[in-house]
Amino acid sequence: MAIVVDTELLEGLQEAVKKANDTNTAVLFSKVVQMQALSPLSFYEIGRERYLGERLFWQEPDTHSSIVGLGKVETIQTEPSEDRYKSISFDWNEVIKNSIVQSENKHIPATGPILFGGFSFDCGKSQSLLWDHFGDNFFYIPQYMMTLINDQAFYTTNILCLPGGNIKRLIEAYEQGEQLIQTIKGQKVAVSNMLVSKEEVEPEQWKETVSKAVQTIKSEGIDKIVLARELKLTFNSAICAEAVLERLLKEQSSSFVFSLESGNACFIGATPERLVKKEGNEVLSTCLAGSIARGKTEGEDEQLGQELLHDPKNLMEHQFVVNMIRRTMETTCTEVIVPSSPILMKTKHIQHLYTPVRAVCENYTTILDLVKKLHPTPALGGLPQAAAVRWIRENELLERGLYGGPLGWIDSNGNGEFAVALRSALIKGNEASLFAGCGIVEDSKPEEEYQETWIKFKPMLNALGGV
């Protein structure tokens, strides 16, 4: 990509600075160009030296469309409350109203200005030091971004123009990103660490909490409570996020692979569960509940899959999610389409019961409106929603933070996609906290649920080199 300060770029920056001066407020300038496709992981890796702590990675499983961001133009956060979705949406709309976008492909989703980040699972639970880099919610606009979509590649530069901005420096910021791309020489990750220790956080007490949840379900009219637990890993040296992503992309191709950095913390994972996708007025959500291990042979795998498809406990858990998502969609959308029975979704280590839900939303409905209504589904919280989340808040031995929360992106046209941040880990230096949970119903057995969490730890354990 040649470094050319064209007339259009210069005029766009001048217009943005003039608007900033006239309104006495910051103006976001965004320029999109089509580019030669590069490896998303290579693009992520070149930002390690200069932008470590300010990188994002997203790849969705259906088409393997990718978003990779380096650098941070502006952070958007709000206070933890039930209004957090509305507040983030309002602040993002204010940024877009004060933006100038140069693009011949404005209709292409996930190009130009995008907001990327996530919400904690529960805004009502105080945040621990473990999650101090993210807080209850954390979103930002990347400075340099590559988008791969529909076999095409687009490069976006976002620059915040302040009143009195220096045009020369703004051009230098633009050129800095193009110079960065010139340094890509192919992937060279393949970094491995030696596991020093593996520590389960209070496993026996967690089993006792499962028993307590079962008693609550039997006596208080709650249908389901989802309980999660933590596994701590320590390695001999700092964990390389690129190496973890490389393994996740190779081993978890049927999942959303993501990474979100803040300071020296990196939240990373491969989740099979889409919360909601919105493109134009078309909406897609996923019911994913009920799981079993993969078989060691093709025959055993088929047998386990059939067992899952006919298991009353798992089918009941799955139907809880289907019913809730259907009802939610029917309150905000039309043309809601729900298959009559689930099929199997198979990842490397686990197979799930899976039902997609499609709908058409009204023009005024935003993706964050849908996120608010859908989160948490019974697959992550329980049922009834409010009672289950309250019980988790008071009894679970874990600060979930972003684990189990909605994580994803929104573009300037209102398109976006959020996944449920499962099968994930929080990395800080040479330490990683892994999270896994399972749905507790009235016939749940603590030891069986405990073993199920080990199955769900496997994707991140493998990716980190912990097994």
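Glycine is treated like the rest: Cβ placed from N, Cα and C.
According to TrEMBL, the active site, proton acceptor annotation covers LYS224. Counting every protein chain shown, the number of other Cβ atoms lying within 10 Å of the Cβ of LYS224 (active site, proton acceptor) is 23.
Annotation comment: TrEMBL describes GLU273 as active site, proton donor. Contacts of GLU273 (active site, proton donor) defined by a Cβ separation under 8 A and a same-chain sequence distance of 6+ are given as PHE256, THR286, LEU288, ALA379, ALA419, VAL420, LEU422, in order along the sequence. The secondary structure of GLU273 (active site, proton donor), as reduced to three states from DSSP, is coil rather than helix or strand.
Residues or ranges marked as Mg(2+) binding site by TrEMBL: GLU317, GLU452. Of all Cβ atoms in the shown protein chains, 19 besides its own fall within 10 Å of the Cβ of GLU452 (Mg(2+) binding site). The secondary structure of GLU452 (Mg(2+) binding site), as reduced to three states from DSSP, is helical.
The domain 'Chorismate-utilising enzyme C-terminal' annotation in TrEMBL covers 203-456.
Over all protein chains present, the Cβ of GLU317 (Mg(2+) binding site) has 26 other Cβ atoms lying within 10 Å. Across the fold, the C-alpha of GLU317 (Mg(2+) binding site) and the C-alpha of LYS224 (active site, proton acceptor) stand 8 Å from each other.
According to DSSP, GLU317 (Mg(2+) binding site) sits within a helical segment.
LYS224 (active site, proton acceptor) carries a strand DSSP state (E or B).
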